[in-house]
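K.L.:
Next up is a structure, given as structure tokens.
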Amino acid sequence: MSRYLFTSESVSEGHPDKIADQISDAVLDEILKQDPKARVACETYVKTGMALVGGEITTSAWVDIENLTRQVICDIGYKHSDMGFDGHSCAVLNAIGKQSSDINQGVDRENPLDQGAGDQGIMFGYATNETEVLMPAAITYAHRLMERQAKVRKEGTLPWLRPDAKSQVTLKYEDHKIVGVDAVVLSTQHCDSISQHDLHEAVMEEIIKPVLPAEWLSKETKYFINPTGRFVIGGPMGDCGLTGRKIIVDTYGGAARHGGGAFSGKDPSKVDRSAAYAARYVAKNIVAAGLADRCEIQLSYAIGVADPTSIMVETFGTGKVANELLVALVREFFDLRPYGLIKMLDLIQPIYRETAAYGHFGREQFPWEKVDRAEELRAAAGLK
């Protein structure tokens, strides 16, 4: 029997890196509302008392960067100096320039179908049938813990909570099946007045127990709740935040490979983002079709070239048909050229701020989570 542990982590919307991601994607959304053809690469840096928004943007749109940045920070919950960061009073610096004309000539084409990739690179997509959303369980539940922390904080159930938090879930496997939770780590920023005893009890009862399946918890499960004993200083006052530093949290929690490209602040012409979404869409449809229990897709692109330079399918011994057939089906049923995948997934819409916390995958509101190709894939593979 094969026994092992696997762990994934998540961070809250108030984590400094996630503040930066949300600001970058809020800028992208506001631009796409006005200018669907915009080219956006927006990066954000946050630290005590300041937010710096920079990058390369070519657009006909006008966005009030300062007010938008302040609104995002306040929406997250940083709206009073007591928290060490205040969206109303922090400095907002704007260092945005235009996208290089050298890149433009490689991407833009007279025929939209010939639109080239915005850069070279490799992208991975993954799906597994171990959860109902066809995502790895550890990252799924780590995200749900963070969503629950935000919910009880914002609704006032636990009014002493503050926006910055992290979670980590370690699952026990036997023969690749989950048999329980080995350990849970949950660290949450809090106000100075709450006792550690009350914090531990409240986090356990209001955050952990409502989220994790009861049948996975046992007397052997270990809980590490604010293990340093104090977490009052947090957010950008505790650590600086940068766009694109939580790429494993954003994807599969380490259960699949990653091409290295971050998502937030990038318009869909950047295949770092759009092709990673397409790869998830392909992998999820293969698993939903019952063609494999686990599936990983690798795509690669060359700057200025429309067609992928490679497509790889790996099913880790769980495939019901040969991987070579799956590659052929991917080529037949999915248009993975930049223009094709943007159209296939309807990516030119202002949906990106919502992706910037709690994971880009496994959330049914996003178009790359559809399984609308599953039946035709199964039929084409010859499975009844």
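Even glycines carry a Cβ here, placed using N, Cα and C.
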K.L.:
When you get a sec, could you say which of 99-109, 110-120, 264-274 is annotated region 'Flexible loop' by Swiss-Prot?
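P.N.:
Feature region 'Flexible loop' in Swiss-Prot: residues 99-109.
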K.L.:
What is the pLDDT of the region 'Flexible loop' (99-109) when averaged and given as a whole number?
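P.N.:
Overall, the region 'Flexible loop' (99-109) comes to a mean pLDDT of 59.
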K.L.:
For GLU43 (K(+) binding site) and LYS270 (L-methionine binding site), what Cα-Cα distance in Å is obtained after rounding to a whole number?
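P.N.:
Given the Cα positions, GLU43 (K(+) binding site) is 14 Å from LYS270 (L-methionine binding site).
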K.L.:
How many Å separate the two farthest-apart Cα atoms among the ATP-binding residues HIS15, ASP164, ALA165, LYS166, ARG230, PHE231, ASP239, ARG245, LYS246, ALA262, LYS266?
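P.N.:
The two farthest binding residues have Cα atoms 36 Å apart.
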K.L.:
Using C-alpha positions only, work out which of the binding-site residues HIS15, ASP17, ALA165, ARG230, LYS246 is nearest to LYS270 (L-methionine binding site).
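P.N.:
Sorting the binding-site residues by distance from LYS270 (L-methionine binding site), the top entry is LYS246.
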